[in-house]
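Okay, so here's the structure we're looking at.
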Amino acid sequence: FFCSVRPSEPFLTRYLLGLHKNLSETQVFNEIYPVWTYSYLVLLFPVFLATDYLRYKPVILLQGLSLIITWFMLLYAQGLRAFQFLEFFYGMGTATDIAYYSYIYSVVDVDLYQKVTSYCRSATLVGYTVGSVSGQLLVSVAGWSLFSLNVISLTSISVAFGTAWFLPMPQKSLFFHHVSSQQLSWEMKVMDCKNGSAVQDHLNVQRAPGWEDETKVPLNGEVHSAEKQKKVDIVKVLKELWQDFLQCYSSRTMLCWSVWWALSTCGYFQVINYVQGLWEMVLPSHSTEIYNGAVEAASTLLGAVAVFVVGHIKTSWAMWGEVALALFSFLIAAAVYIMDTVCNIWVCYASYVVFRIIYMLLITIATFQIATNLSVEWYALVFGVNTFIALALQTLLTLVVVDASGLGLDIFTQFMIYASYFAAISLVFLGSGIYSIMRAYRRQEQMQSRS
């Protein structure tokens, strides 16, 4: 909860462009923000392995320390280079988020997984919402400075860091540290890094959808074995992961949903990373009141409600899923296009809320379509690979479009490219969906003629 209470985050762009740091738009958008993307990509896989090898707690402490350094530098650092280093530490804090969500499953019994999942998700959701709403109220009503909001964020993160020291050290992990167990079978959970929703591999447990983006990671596994604790060789682990990778992506259904996951998550990250810059250009914050915190809180809560509703919709995703992805991807493209071309801040806010809600719906559907086509031991690999590909594409997009060493385009041109990007995704899946439907009908006709 305390790690998520960061009231200054919705106002970061305004803070950097204001009198506190006095950075230019080109420096912030084209030279500072891209560093986060590069850092996240480089650190993701090493942190994933280190989290399991070090058994979670040390990486949780590393996350707290990275965020403390980030917000301390936000308060006192000056100059372009300092803020580029700041983005590196923030990338480390983002990559190490996996440790928090996976830790709890290594220290509780299997029958408590569902309960602690709800605790983790609730803590993150409530913390993020409290941070966004309190930041908006302190700025709009109390008239606090953005510097003060960063002090509150640093204090909250420090409390989280101090709390982490009292966590017990786990004795087991998924890959490198196995322990003997009397469980009936190997059981594995999958956790949404952003919200903590879990997928449970039991026929008698209904799969409850998560409510936000994009990244799924393994939580815990226990093997029914009489052997004592042993460490797994890293080369052996990597070889097994490679063989599983080849087998997983040999399925056309798996490949289709995974491609959409990677492509759309890339575009989603780009939009949410630079939308504050767009708002700043549409309506400069130094001349009027802004409501970034309220918009972030509203989009999160409405997205959670929408995902809950879609979890109860019954349809044949196997046949109509690709067409649905095409249609909703087009709506996302339209929302981004409206954000970019209609120079009205309220229209921008509304389009952003619609954008996030649609993405949350689609990523939830994609998550469970992938899960239904996988054995439980492959969840971690597929979700991790999809996220890594998304970050690799985002890095390429950032390097070409955003980075000053590439094209270094202005924020309006960037968002026009993002809208075109989602439109292209829509066209690709429309063609693929029509082909799948025609093939399914031909198969039915053939079966009827034979019978």
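Each Cβ is built from the backbone N, Cα and C atoms, and glycine gets one as well.
TrEMBL does not curate its annotations; it predicts them automatically.
TrEMBL lists 32-51 (among others) with the feature transmembrane segment. Long-range contacts of the transmembrane segment (32-51) within its own chain (CB-CB distance under 8 A, at least 6 residues past either end) are made by residues 16, 23, 59, 80, 83-84, 86-88, 90-92, 94-96, 98-99, 102, 175, 217, 234, 269, 273-274, 277, 384, 387-388, 391-392, 394-395, 398-399, 402-403.
Feature annotation from TrEMBL assigns transmembrane segment to 58-77 (among others). Beyond its flanks by at least six residues, the transmembrane segment (58-77) meets 3, 6, 8, 15, 47, 50-51, 83, 85-86, 89-90, 92-93, 96-100, 103, 147, 150-151, 153-154, 157-158, 160-161, 164-165, 167 of its own chain at Cβ-Cβ distances under 8 Å.
Long-range contacts of the transmembrane segment (144-167) within the same chain, counting only residues at least 6 positions beyond its ends with a Cβ under 8 Å from a Cβ of the stretch, are 1-3, 5-9, 11, 14-15, 18, 20, 57, 60-61, 64-65, 67-68, 71-72, 74-75, 103, 131, 134-135, 138. Summarising the annotation, TrEMBL assigns transmembrane segment to 144-167 (among others).
Marked as transmembrane segment by TrEMBL: 255-275 (among others).
Residues annotated as transmembrane segment in TrEMBL: 290-310 (among others).
Sequence annotations record features per position, and here TrEMBL assigns transmembrane segment to 317-338 (among others).
The transmembrane segment annotation in TrEMBL covers 344-366 (among others).
Residues annotated as transmembrane segment in TrEMBL: 378-401 (among others).
Annotated transmembrane segment per TrEMBL: 421-441 (among others), in sequence order. Within the same chain, residues 256, 260, 263-264, 267, 319-327, 329-330, 332-333, 336, 397 sit at least 6 positions outside the transmembrane segment (421-441) and bring their C-beta atoms closer than 8 Å to a C-beta of that stretch.
Put simply, of 255-275, 290-310, 378-401, the stretch with the most CB pairs closer than 8 A to the transmembrane segment (317-338) is 255-275. Here the transmembrane segment (290-310) has long-range neighbours at 7, 10-11, 14, 125, 128-129, 132-136, 139-140, 209-212, 276, 279, 283, 345, 349, 352-353, 356-357, 359-361, 364-365, meaning same-chain residues at least 6 beyond its ends whose C-beta is under 8 angstroms from one of its own.
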